[in-house]
Amino acid sequence: MLLFWMWWALLAVFRAFPGIDIYFSQLFFVGADCDATAAAGNICGGFPYRDVAAFDLLRTVFFRLPYVVAIVMVWKLVECYQQHGATFNAERAQKLKVALGTLLIGPVLLVNVVLKEHWGRPRPIQTDIFGGALHFAEAGSLAGKCVSNCSFVSGEAASAGWLFCLLLFVPKSLRYAVAAPLAAISILTPAMRLSFGAHYLSDVVLGWLSSLVVFAALLALTESQQHQKNSEI
């Protein structure tokens with residue numbers, strides 16, 4: 001519940017102070033002289049990090065990584081259910097279902113199907129204060145004119161948040177070795193989306209946190225059901 005209310009509290013802060021989003025995007029925006037065809041008052045320029053080949057390659061790798069991990073998890077879940085009786089690992093199956101359920105409900109459905117397709121917030125690069133054609137819309141606003149695959153919230157940040165959740169399921173013997181690179185990927189992914197002008201700070205923060213909210217809710221639900229079953233035995 002704490003994560004749930006934290007998400008809404010952060011949304012309220014970003015809505016009340018939209019200058020936070022504008023400020024952090026301005027850190028990565030480089031202005032340029034407009035050409036003769038530009039209308040008077042237009043702002044010209046761009047986000048140079050999006051044109052760096054190394055960053056673009058990293059973004060591609062980080063974008064695909066959660067879904068590669070998910071495919072491996074599906075395979076492991078199928079393996080679990082090929083076992084029966086004493087050889088069936090119920091705990092592993094439960095963890096895999098929570099992890100895959102979080103990815104499906106959070107980044108896939110909530111973020112990419114519901115929020116990004118219906119909230120209409122233009123990305124920074126689409127916004128007139130950063131050289132685009134659309135007006136700025138604050139976090140959570142329905143007034144934006146983006147038509148599809150919009151800025152609120154970041155799907156890649158949500159997937160990165162999901163990867164971070166998996167640390168809880170990593171065996172203790174591997175946790176220290178895996179924690180640092182996984183945490184780095186989880187933080188770098190939303191940071192790059194911000195630096196590319198693809199999302200505002202609120203989009204990446206709320207997208208990342210949304211996966212933790214869904215993960216915590218599913219984990220609490222499964223643990224409650226397991227506790228209820230144990231009490232009935």
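Think of each number as a place in line: the chain as shown, counted from 1.
In case you wondered, yes, glycine gets a Cβ from its N, Cα and C as well.
What Swiss-Prot says about this one:
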- 23-60: topological domain 'Extracellular' (TOPO_DOM)
- 82-94: topological domain 'Cytoplasmic' (TOPO_DOM)
- 116-149: topological domain 'Extracellular' (TOPO_DOM)
- 171-176: topological domain 'Cytoplasmic' (TOPO_DOM)
- 222-233: topological domain 'Cytoplasmic' (TOPO_DOM)
- 2-22: transmembrane segment (TRANSMEM)
- 61-81: transmembrane segment (TRANSMEM)
- 95-115: transmembrane segment (TRANSMEM)
- 150-170: transmembrane segment (TRANSMEM)
- 177-197: transmembrane segment (TRANSMEM)
- 201-221: transmembrane segment (TRANSMEM)
Point to revise | Surrounding residues of the topological domain 'Cytoplasmic' (82-94) on its own chain - C-beta under 8 Å, 6+ positions past either end | key: 76, 222, 226
Study note, to complete from the structure: Sequence-distant contacts of the topological domain 'Extracellular' (23-60), meaning Cβ under 8 Å and at least 6 residues beyond its ends, amount to 124-125, 128-131, 156, 188-189, 192-198, 200-201
Study note, to complete from the structure: Long-range Cβ contacts under 8 Å made by the topological domain 'Extracellular' (116-149), restricted to residues 6 or more beyond its ends, are 11, 14-15, 18, 21-22, 25, 29, 42-47, 50, 155, 196-200, 202-203, 206
Review point. Along the topological domain 'Extracellular' (23-60), what average pLDDT does this model show?
Key: 93
Study note, to complete from the structure: What DSSP reports for the topological domain 'Cytoplasmic' (171-176) is 5 helix, 0 strand, 1 coil
